[in-house]
Every structure is written in C-alpha cells, then in structure tokens.
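Trainee: TrEMBL lists 48-68, 80-101, 149-169, 175-195, 207-225, 237-260, 325-347, 399-421, 502-524, 530-549, 561-588, 594-612 (among others) with the feature transmembrane segment. Taken from TrEMBL, the feature region 'Disordered' applies to 434-453. Per TrEMBL, compositional bias 'Low complexity' is recorded for 439-449. Taken from TrEMBL, the feature domain 'Cationic amino acid transporter C-terminal' covers 567-617.
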Amino acid sequence: MGFSADSSGGGSHGGQGSWTSMRFLTRRKLVDSSHQKTEGQLAKELSVPHLIGIGVGSTIGAGVYVLVGTVAREHSGPALAFSFLIAGLAAALSAFCYAELASRCPSAGSAYHYSYICIGEGAAWLIGWALILEYTIGSSTVARGISPNMAAFFGGMDHLPFFLARHHIPGTDMVVDPCAAIVTLIITGLLCVGIKASTTVQGIITSVNVCALMFVIIAGTYLGFKSGWAGYELPSGYFPFGFDGLLAGSATVFFAYIGFDSVASTAEEVKNPQRDLPLGIGAAVFLCCALYMIVSIVVVGLVPYYAIDPDTPVSSAFANHGMQWAAYVINAGAFTALCSSLMGGILPQPRILMAMARDGLLPPLFSDINKCSHIPLKSTVTTGLVAAIMAALMDVSELAGMVSVGTLLAFTMVAISILILRYIPPDEVPLPSFHEQSNDSVSSKNSSISDRRCDKHGEVNISASEDIKPVATKEDMRIHCPLISQHFNIGNHLHEGHRRKIVGWTIALTCLGVLILTYAASASNLPRPVRFTFCGVGGFLVLSGLIFLTCINQDDARHNFGYSGGFLCPWVPLLPIASILINCYLLINLGADTWARVSIWLAIGVLVYVFYGRTHSSLRNAV
C-alpha cells in the first residue's frame, strides 16, 4: 500500500506509464512530517477539561431544543431516548477510531492528516476539501440562527435594534443578517487571541448551555412526577412506529453527534495527546449522549408525542404545565448553544487549512503561525471573514445537508485508516524534498549519532528515538543517512509482500461490498430481484472480508507506527467495518440534490489539486 513515487519519471515504463503517472494520488507522508519543516509551532495549552468543553460545545447545538419534537412526532414516539442511544453508539464507533489515530498521529488536520498518512494524497485532498465546505457552511448556518434566538429576549424580531435586525434588500430575495456577521466576527476575534483563552470562554458558554439543560431535566422531572408522566400512558405503547421508526429516528438524530471531531483537530495543541485526546473525545460523546437521552425522556414524558410542538417542543412542554417563564431559560440555553457551536465550527477549519498548506497543497500563507498567539492567524481571519460574509448575505439553510457529506466522508476514511494501520501499516513512505536538501547539512552534525545507531557491519540499528517512533519498511535496506534512520524500521519483510497484497485487496473489496449493500438497501426503486441480488453480493463481500480479517493476524509493524502508549481501538476489524457501513448508508441517503451541490464543490477541488496542489506538494520530488 505504500509507494515511493517519483513524479518526474511518470511515463517511462511502457504499459505502466499511466499508472506511474497517477502514483501521486497514493503518496503518503510521515507521521511527523508537519513538524519537520514548520518554524512556528502551535502552543501546547490544552488539557482534558478544555477538550471536553470543545467537544460538548461543538456537538450540542440549539438543535436539541427542536430535534426532540420533530423526531418524536414523526419517527420514534415515546422511544425517542432509544433512538438517541442507538445513534450515540453509532457515533461512538467513529469516536473510537478517531481516538486511536489522534493519539498515534497528534498533529493538526484531523481526518485529513490521518488519510494522508494511511491512504494517500488523493484521499487526503478529498477529505480536506470536503471538510473546508463542511465547516464553512456549518458555521454560516449556525450564525444565521442566532438572531431569532436573540430576538426572543427583545420580544420578537420586530423589536431588535436596527443594527441587529434583518433587512430585506428591495428588488431581490436577499435578506441581510447583520447580527450573524457581528457575532461571527466577535468569535473570530476571540479565536485570534489564543487557543487557551478561546477554549476557556467556550467552556464557560458551554457550561451555561449545560445548566439550561439541567434545568430542563430537574424541573421537567418534578413536573413529570407531579402530573404522572402523561406522555408514557398511551394505548399505542412505547413504539408506535415500530422498529423501523426507531431506526429512522436514530438516523435523523445521528447528526446531532457531529462535532466531537473538532477535538481531534486540536491534537497539536494538547499537552499530553496520548492520554488526553482519547479521554476528551470519549467523555464528550458520553456526556452528549447522556444529556440527549435524559432530556428526551423528560420532554416526551411531559407531553404525548403527537401533541408536542415541533418548533418549540421544550418550552411548549413547560408551558402546558403553567411554566411559561421557563421559555427564557430555554432561550438562553439555545443562544449559548449556538454561540458555542459556532466557535466549535470555526476553530477546526484554520487548522485544516494550515495542515494542507504545510503539505504544499494550499498556498503557504495559510500555514503561517503568529508568534504571539501561536495560532494560524491568517487562516483564522480568512475563515471568520468568509463565514461572516456568507452568514450575513446568504440563507444557507438549503445547503445545510452539504455539511453532513464532509463529516460522513471523514468518518468513513478514518475507519478505513484504522484497518490499514492494523493490517497493512505504511511500510514505504516517500522522503520529502526538504529532507533530501537537508541531508548534507545535517550529516556531519549527526555523524556520532549515526555511528551509535549502526552495528559493526554498518547497518542501521532499528531502535527508535524517544520522541519519534519508526515506521516499517518492506525491503531490507542498508541506510547510512542518520536523518532517514529516525523514521525507518529496517528489516527483511519480503516474505510478507504477498500477504500485504491479499489483505489490501480484501479491505478494498470489503469497502466495495459496503457500497453495493448500502446502495441496494436504499434504492427502493430497483426491481426486487435486482435489489436482492445486489444486497446478496454486497453482503457476501462484507461478511467474507470481516471473516478473513478476523482470522488473520494483524501486522506487527503496527506497534511501531506513530506514537505508542495511546488508546487502541477495540474490536478490530468489526468496529471499523460497522462504522464504514453506517456512514456509507447515511451518505447514500442524503439525497440527490445534496450530492449534486457537493459534486460541484468537489469538481472545483479536483481542478485546484490538479493545477496547484499536485505540483506544489511537499512530496512532489519524493525519493
């Protein structure tokens, strides 16, 4: 799976010329290559409480105050809590995968970074470009929803101050929302101060939202016991829509868990990433799932599911019991939830841009790190300005579905990366040109180190440095360069070449089976014989791949991949394959309109990569 690609020699091998010319799509970088050539470094200021604040704040948006009503009325009924539980377990599958990769490869870039290391440059560019779209539209959508919640404190939209109120431009369908732009710029300015200050403020804002949810839980529980939990005393039982409705509700509320991946994007700013990142990701998902379930239990118990107001389910449930004033507390929680979610949406994107610029796929200005605040200042300002302009001038609610594409693609690639890491870890990593240029300058400086690492025959000793763990190579090489010896574990693995090809094809066919199975399961317009045939073929491929990967041993080289001592994803290969299956099913069911819009954005990304990223990549002269 690893390739040592020299793009300059693309078409010199006859029949293999076309494949060789495309090898740039599969070239992969080192785990720590981003640190090697960057002068400025991000400040390591974050600990577990900061990460939990980022994860919970980015995940629990104002949607929880609306989502419970819609899903209960249309899908789950009184079993809404079970829908949140199933969705939480599905999100935990991706969280486990993120936790291992974040602790092994603790650099900025999140899923983009992991894909570049494990899969290749082409997949990494696809994920990075999709994440840019996700965070931009997601931030703009959240910002657009702030003014209606703020208006509740002023008595309605008509009573907002002029500089905050929405204005319709005559002769057009455009509605300008200055409040969305102002709040976005304020949050961007806060993020420019520094990572510790901004995460502290986000933690305070998130705490206000959690307090509002705790009020809903405590006060709602009191009202429930006082009124006898009328919502659960129904002749239709707890599952009025059946098991299918329960699963449909789970698919809908799954997107309420999107946000914990923001924690992984700050990996380079964590003091102890091997310990803190898995704890932060796991705790954030657990707290969000617990809050969602308890709130849904309370709200559905106060009012029968068919009588819940779909627009204001929580406040209307309290109003039915004579607590109209509770709406102010709930509006305060929704407002702070939006602000925290907006901050969590803007925070990761500059780090994605920085990681891509470090690798040469975007202009270098995005990789500049401010010496005072130790953040990617230019990327942060650019992200904030674009989000503010879109939030002020465009109603991006129709584009909100595009946010899910980037997230689900990232979740899928992260799960695939876990399979690759465990069974066929990268064994041939291209040496970037900046390493090659620095060979002469560092060789004399490190000659004594080289001597200590070489045995009496002149071969490189396989022991690694304390900070950087080596990756395994497939061939038995004699390496005398001390710079290379820090990154390569030398040994003869030629006998494993055949095994690696078989496992690589098994993973590829398993992913193909997932696509066939999920498409056939979703394509209700296909004739039944064709649909069942596709389901059978896809199911056979997935099941065969799962059995094969379960029966063979995982590659021992995985122990030397990246940083050791961190979290290990359990139940491999079952867990990542289940994650791929769930994410692909949700991707296919996003709708044709969403995919049409996303395809345009991805097509633009292909052009940017072909004409800029491919020729400016730090691995373009890999040897």
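Numbers run from 1 along the shown chain.
Cβ atoms are placed via backbone N, Cα and C, with glycine included.
Describe the structural context of each listed feature in the structure shown, including burial, neighbouring residues and relevant distances.
Mentor: Away from its own ends, the transmembrane segment (80-101) comes close to residues 68, 71-72, 110-111, 114, 246-247, 249-254, 256-257, 260-261, 263-264, 277-278, 281-282, 285, 288-289, 292-294, 296-297, 300, 305, 411, 414-415, 417-418, 421, 566-570, 575-576, 578-579, 582-583 of its chain (Cβ-Cβ under 8 Å, at least six residues beyond either end).
Outside the transmembrane segment (149-169), and at least 6 residues removed from its termini, the chain residues within Cβ reach (under 8 Å) are 62, 175-179, 182, 327-328, 331, 334-335, 338.
Residues of the same chain lying 6 or more positions beyond the ends of the transmembrane segment (175-195) and with a Cβ under 8 Å from any Cβ of it are 42-43, 45-46, 139-140, 143-144, 146-147, 150, 160, 163-169, 201, 266, 269, 339, 342-343, 346-347, 350, 370, 373-375, 377, 380-381, 383-385, 387-389, 391-393, 395.
Away from its own ends, the transmembrane segment (237-260) comes close to residues 55, 57-61, 63-64, 67, 70-72, 74-80, 82-84, 86-88, 90-91, 95, 98, 281, 284-285, 288-289, 292, 305, 341, 344, 403-404, 407, 582, 585-586, 589 of its chain (Cβ-Cβ under 8 Å, at least six residues beyond either end).
Residues 54, 57-62, 64-65, 135, 138-139, 142-143, 145-146, 149-150, 152-153, 183-184, 187-188, 190-191, 198, 201-202, 205-206, 208-209, 211-213, 215-216, 219, 259, 262, 265-266, 312, 314-315, 318-319, 380, 383-384, 387 of the same chain lie 6+ residues outside the transmembrane segment (325-347) yet bring a C-beta within less than 8 angstroms of a C-beta in it.
The list of residues near the transmembrane segment (399-421) in space but at least 6 beyond its ends in sequence, with Cβ under 8 angstroms from a Cβ of it, reads 1, 93-94, 97-98, 100-101, 104, 110-112, 114-115, 117-119, 123, 126-127, 130-135, 137-138, 141, 255, 258, 261, 507, 511, 549, 558, 561, 569, 572-573, 576-577, 579-580, 583-584, 586-587, 590-591, 593-595, 597-598, 601.
When Cβ-Cβ distances below 8 Å are used as the criterion, the transmembrane segment (502-524) is approached by residues 1, 416, 419-420, 423-424, 531-532, 534-535, 537-542, 544-546, 548-549, 552, 577, 580-581, 584-585, 587-589 of the same chain, each at least six residues removed from its ends.
Mean predicted confidence for the domain 'Cationic amino acid transporter C-terminal' (567-617): the pLDDT average there is 93.
Non-local neighbours of the transmembrane segment (594-612) in the same chain are 125-126, 129-130, 133, 361-363, 399, 401-402, 404-405; each lies 6+ residues outside the stretch with a CB under 8 Å from one of its CB atoms.
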Trainee: How many helix, strand and coil residues does the domain 'Cationic amino acid transporter C-terminal' (567-617) contain under DSSP?
Mentor: 40 helix, 0 strand, 11 coil
Trainee: Under 8 Å for C-beta pairs, could you tell me which stretch among 48-68, 530-549, 561-588 has the largest tally with the transmembrane segment (207-225)?
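Mentor: The stretch with the most close Cβ contacts to the transmembrane segment (207-225) is 48-68.
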